[in-house]
């Protein structure tokens, strides 16, 4: 039986992780490119959108500032007869949260949706209906998580958008699914939850802030792949 010897385990595992990461990224953007082509976009435009989406992931445009009171827990130690007790106390601290929008994760998907509806105006009525339904569904399942942001289950928004596209979109199903998945998720998860941002307790809340891995971006892509 042959014995495999790895001379530099640290280097080997680092290289293996790097290879897996690169292959995963290539597969991911391969699926993204395939989905965008299904929308009728040219190869050149798909490449431009991919580059802009990646670069735009690092750009956040500030929109507004929201002030909120955040509970702060502090621990005091009190000694009585040589015994130390830890007593928690609660205080409210005023915090300013900056609401921003991410270019790669929100602006570009919305611009793509607008471009598609401009090219295929016959899809506008169904797309609007899909966006409204998607917004209401996503709003019901979205939850503010302190220190994280507005969180939604990964599979529900794109699956519902795909169903809307399949059932109502006809030959324009991918377009309806993409617009419902992106704009519907943006409205339902972020815009309709702006009043709940003060519960998050973060210095900055970015709409589409995870870039190409954000729910807005992925909902549109996955919805197209499911149609």
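Each Cβ is built from the backbone N, Cα and C atoms, and glycine gets one as well.
Look at TrEMBL and you will find 12-36 (among others) tagged as transmembrane segment.
Feature annotation from TrEMBL assigns transmembrane segment to 45-63 (among others). Sequence-distant contacts of the transmembrane segment (45-63) (same chain, six or more residues past either end, CB-CB distance under 8 Å): 29, 32-33, 36-37, 98-105, 107-108, 112, 204, 206-207, 209-212, 217.
As annotated by TrEMBL, transmembrane segment applies to 99-118 (among others). Tertiary neighbourhood of the transmembrane segment (99-118): same-chain residues 36, 39-40, 49, 52-66, 124, 127, 175, 178-179, 182-183, 186, 190, 194, 197, 204-214, 216-217, 220, selected by CB-CB distance under 8 Å and a gap of 6+ residues from either end.
Tertiary neighbourhood of the transmembrane segment (124-142): same-chain residues 113, 117, 150-153, 156-157, 160-161, 164-165, 168-169, 172, 175-177, 179-181, 183-185, 187-189, 192-193, selected by CB-CB distance under 8 Å and a gap of 6+ residues from either end. What TrEMBL lists as transmembrane segment is 124-142 (among others).
Per TrEMBL, the feature transmembrane segment maps to 205-226 (among others).
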